[in-house]
Amino acid sequence: MTLDVASAFIEGEKTYRKYEENPVNRIQERVKRHYYNQHQKQTVEFVDEMHRKWLSFNHACMPILDALDMLANFLDESDPDVDEANLTHAYQTAERLRVSHPDKPWMHLAGLVHDLGKIMSVWGEEQWAVTGDTYPVGCAPSESIVFGVGSFDGNPDLLNSKYNTTLGMYSEGIGLENLKMCWSHDEYMYQVLLNHGSTLPEDALYAIRFHSFYPYHAHNAYTYFANEKDQLLKEALLDINRCDLYSKNDEKPDIEKLKPYYQSLIDKYIPGDVKW
C-alpha cells in the first residue's frame, strides 16, 4: 500500500520518494523503521542535547574532500530510492547543478556538500538523528510528514501543551531560521559552515539547511512560520533540491577526475581544515 501519492515525484519513467507499507520489501521496511524512530524519539529536549554534543565542533578537523571521502561506504537508511553509498550521490547532485546552473559555481559546491553532515553517522550517531526528511520540533507535526502523524505516537512532546498545538512554542511568521528543526545532517552541515566562516552565499547556506524540509517546500506545510526572507530564498532551495532528488539515477561520475574542479571551489568558499 502506497502511503501518500503526493509524496512521490516522477521524472521520465523513474518514480522517487515512494513510501509504502510493504513488510516484504527490505528497503521499505528499513525506511519505515527509520522514520518511526525519528518521529517518536526526536523531542525538543533531544534536539537541545544534539546541539550541545555536535555544535562544539570537537569531533575532527579536516578539509572538505577528506570528509566527503568518509561517505564512500555510507548508506542512507531513510532513502527509498537508492541503495548505494552517499559519496556517489554527492557528485551526481553537484554535476546536475553544474549543467543546470553553469554560471553559479557556488551552487555546484552547495550540491556537493549538501549531505556532508551525514558524517555524524560515520562517527556513530544513530541514523534517525541524522538522515531523512526534517520538520520543526516544539509544535504539532504536519500530516504531510512521511508516514503521517500516527508515526509520532509515543513522542512525549505530543502530551506537552507547550508543544502540541499548531504554533507550539513559536509565533506566526517567525521565519524558518528561528525554528528548532529536528536534528539532522542539514542543520549540522549548515552550522559547520557558519562556524568555519564559509563565504558561500546565503542562498546556498539556506538550501543546505532546509533541503530535507519536504513538508514545507514540497507540500506547503508550516508556511505560517515563513516570512519574506523565506520566500526570497526558496528558489535556490528548490533548484538544489530538484537536482538532489532527480540525480539519483544519473550515470556514476568519475570522482577522481572531478576532484580538481571541486577543490578549486572549496579553496574559494570553504578553504582549509574544517572543524567538525
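Quick reminder: no glycine exception, Cβ is built from N, Cα and C everywhere.
Among Asp48, Asp244, Asp254, only Asp244 appears in TrEMBL as part of the Fe cation site alongside His89, His114, Asp115, His185, His211.
Cα spacing between Glu77 (substrate binding site) and His185 (Fe cation binding site): 13 Å, rounded to the nearest whole number. In the three-state DSSP classification, Ser212 (substrate binding site) falls within coil. Using CA atoms as reference points, the binding-site residues His185, His211, Asp244 were checked against Lys118 (substrate binding site), and the closest is His185. One way to see the shell of the Fe cation site is to take the Cβ centroid of His89, His114, Asp115, His185, His211, Asp244; the remaining same-chain residues with a Cβ within 8 Å of it are Ala90, Thr93, Gly111, Leu116, Lys118, Asp186, Ile208, Ser212.
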